[in-house]
Amino acid sequence: MANKEEGPQNFARRDLLLSIQAESQKRWTDERVFEVDAPAAGGDCGGKFFGNFPYPYMNGLLHLGHAFSLSKLEFASAYHRLCGKKVLFPQGFHCTGMPIKACADKLDHELSTYGCPPRFPEEDDGAAEAEAAQTAAAEKDPAKFSGKKSKAAAKKGTGSTQWDILIRSGIPEAEVPNCRDPMHWLRYFPPMARRDITAMGCGVDWRRAFITTDVNPFYDGFIQWQFRTLRKQGKIVKDKRYAVYSPKDGQPCADHDRATGEGVGPQEYTLIKMRALALPGRLAELEGAGPVFLLAATLRPETMYGQTNAWALPEGDYGAFRAPGGEVYIMMARAARNLSWQDRLPPTGAPERLLALKGQDLIGVPLQAPNCPHERIYVLPLLTILTSKGTGVVTSVPSDAPDDWAALIDLRRKEKLREKFGVRDEWVLPYEVIPIIHIPGFGDKAAEKACLDLKVQSQNDSKKLAEAKQQVYLKGFTDGVMLAGPHKGEKVSEAKPVIRAELVEAGQAILYSEPERAVTSRSGDDCVVALTDQWYITYGEADWEAATTRCLAAMETYGEEGRRAFEHTLGWLRQWACSRSFGLGTRLPWDPQYLIESLSDSTIYMAFYTVAHLLLNGDMYGETPGAVAPADVTDAVWDHVLLGAPAPRDCALPAGLLARMRREFQFWYPFDLRVSGKDLINNHLTFALYNHTAIWANEPRLWPRSMRTNGHLLLNAEKMSKSTGNFKTLEQAVADYSADATRVALADAGDTMDDANFEMTTANSAILRLTKELAWTEEVLRAMNSLRVGPHGFHDRVFDNEMNVAVAATRQAYEGLMFREALKAGWYDLLLARDAYRVAAGERRLHRDLVARFLEVSTLLLAPICPHTCEHVWRTLLRRPGSALTAGWPAADEPDYGLRRAADYLDTLVTTVRSERAKAEAPPKRRKGDTGPVTLPPKVTRAGIYVAARYGGWQEAALGYLASRFDAGGGCFPPDTLGSVLEAVRASGTTGNMPDKALKQTVLPFVRAKMDEAVKGGAQLLATKLPFSEAELISDNCGYLLRVLALEALEVCEASEAAAAAAGRPHIAAAQPGSPVVHFAAPAEANGAS
């Protein structure tokens, strides 16, 4: 509906919703519906709800991914507002960190280098002309498509420059040059985000909006107070620690500072110093430079007792680097760079390379290896060494490393392979596998056994070798026992750290760290692991972790998957570097050379929301002069407002304002809900828990009450990407579909932690459905006086009950933040019930009171998701006072599920009769070769319906036994139920002398079906009779059935063997409760029904 080719009528529907949207939003602004304050002391407010959403980072426009997480909070807030609570939904904007500065610097470099607008070097005239010709050819012949780009375009890529990224994000070209200044981003993007969130219809109290960094002096002071408070508690320390680090930026690179590698931390290795006993070939140039060591990175120093050789990558690039103590280290340059940042290989960041080498130069070098039983081993070729991990030199322990075993066996067996790399027999053949660890189930040579079991043929069997490693490594660590060395008899898990420490202490090994995977900073730098002198927050400290674990235990996570993710993070999270040298933010108050990094200034800002409107004077930058000066909001003020300390005596704030700030915080805190993407559990969300349990250590009642996390958002089942064009900003979505249709698609996208999917077809369908419902509402309101009044019939009661069911189910879904379910129960299913009622009652036989109730109930149930349309219906069409947003949850009786089962029974009966009738009236199938005339069966005009009042005999016994075994709470049966039910049926005496085989064939299909029904629908489906009389239900609705089935007569009879015999129709006896048997009669049949 949003696409021009779909026609003007579709745009008219969309435009109608946009006009309603503008009208509704103007009303809300004029009436200040979303501006809410704490009640006066002692005032009754009907409850409160305070929800928040991580402030989005302001390096671009908001997109549908932001909107998806944001919608969870918006729908929840709107629901609680509808129910009569005071609702606080504030929104700030995050500008801290280096992404904005990095983007601005990158753009400045592009414009300084290539002009404004930039003409990048790939865009030469020839390329431009080729692309223009290609475009012209395509326009002349649209049937011909070329997917090939020019060489220039292919080399340049899509959106690879900062200029392109901003243009593709929807920033006007005239605006882009201003973004060379980082401060311009802070002035441009936050107002745009406010515009788009408002257009979406979110109920935000914009008085409380703010941006971060020291640009906002009030927020800056608040963060400084937080950090001074943490430092007083001993939770911030200065120390040297290993951290993922950007040499270009000169500071640690935290998750939000990264272009790739979010969540990656340092991986510690032990570098085994393997001394070269001779310097053959090119290594001869190192003579006199000092002792030469090949540094082999390992995660398993305890296995060095089983070394048979070392490995190098023949085509790999290596170097010999000058090391402390007059030594020389051989490794790959990437590892040497990392090591230099760890005070192990001076100078920092630029280790001195004495000689460039290829891996082939190392083949055959004799080595003396620590803890190795051989006096000398040799460097051999291994083709599977990764250049992105470790040092490029690998120790070989074939007894316990499947890759080593496979590669060694290849060299031993394949003479041509040895010849190819110049490997002499004496370097390989004398070296046998050395047993060093016993692993239960794998013996003393675990790698060999695993490889033989999996039928590994060579070192190229990568999948099988990966499986073998998975089998051996973990079990070796947890269950393995040392067989060699001074720690023989000890468990591997206990011996490992001791052996590592011994090697390091003896000068035979070095501790070394590198990123677990590649990490690139937003400035484009390849990050290392550096030993940094930094300020750290002591996450993971025992008492603090215990308090945070208690906080999590009491907090709602809306599912065990989220809870487990938090628990996992609490298990590994330790000290966190919280200071940076580059970027935007708040200065560390006691060490102002540093900035507080972006994940550390965003942990308790929810408390700032509670008082922001009293400080900022409606200015998100905090620059507009008001009643409060930033300098007047001292630490003593924050201690009083947030911690309940005595009011400061020399406070510059008016006493009334100070009291109001305290009251606002006390009323709104703790927050009731925080929504976020699940990727923030690993850092931001867990940091928030930690900081709450520290700042309010003695007030657990102020700790977070719930956090709801969701997966990423796909667009039309594909990952959103600017470069592929599968991308949509929030502004574009609202313009294309309207806010309400966008919100429907967001609600329908998904509720779990799995990735959700925004379907454009869903948004388009919502436009059609919403506008059709508006038209029907207007039509039925005009006809209200002609609708039926008086007592309710069966279908009236059913429809009234369906509204009760919708009210109950929708409320349950909103309470559980299951918004797809709320949309289904409160809109899709309710509309289906309304349409079924229209069919059952006849359009002009609708009951006036029920139509009026439907219009109210459907409007209110949908209001949290489609507020603009519902506001229009409420005020303009229904002419109700006040706003639909605060009208109150619709009243409803408890659902009558027995009545619902009766209605479902009637619907099923209609379907069954129609199906059976079609079979009865179908012409007979011709026999092969039959060419004679076909005699058509007579048309059915009468029907007999045979019903069974209850289950009897063995079926009654089986149902009684199943009911006794059913766990209603868990909705399941014990595992042995199916096996034991036969004994119970046999013991009931209802099966006579039926043989066991016949008993199984008769009873088990029935039992399985009933067990499945009970698991899906509950214990009532194990009753021996229905909660209503089938005969009475059919008789009472005979007129309706005759009308919809186009029959002349209908008869209801009791099904029994006697009745079947009397009628000469044996199949009648097959009727069961809820499953009647239908018999048809033509007009000429003497015993037709009446």
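In case you wondered, yes, glycine gets a Cβ from its N, Cα and C as well.
Where the annotation comes from TrEMBL, it is an automatic prediction and has not been curated.
Among the features that TrEMBL reports, domain 'Aminoacyl-tRNA synthetase class Ia' is placed at 25-106, 188-589. The domain 'Methionyl/Leucyl tRNA synthetase' feature in TrEMBL is assigned to 674-763. The domain 'Methionyl/Valyl/Leucyl/Isoleucyl-tRNA synthetase anticodon-binding' feature in TrEMBL is assigned to 796-926. What TrEMBL lists as region 'Disordered' is 123-153, 916-935.
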Please indicate, using numbers and ranges, the residues of the same chain that are 6 or more beyond the region 'Disordered' (916-935) and have a C-beta under 8 Å from a C-beta there.
943, 1045, 1078, 1080
On the DSSP side of things, how many residues of the region 'Disordered' (916-935) fall into helix, strand and coil, could you say?
6 helix, 0 strand, 14 coil
For the domain 'Aminoacyl-tRNA synthetase class Ia' (25-106), would you mind checking the mean pLDDT of the predicted model?
93
Quick check on the domain 'Aminoacyl-tRNA synthetase class Ia' (25-106): DSSP residue counts for helix, strand, coil, in that order please.
34 helix, 13 strand, 35 coil
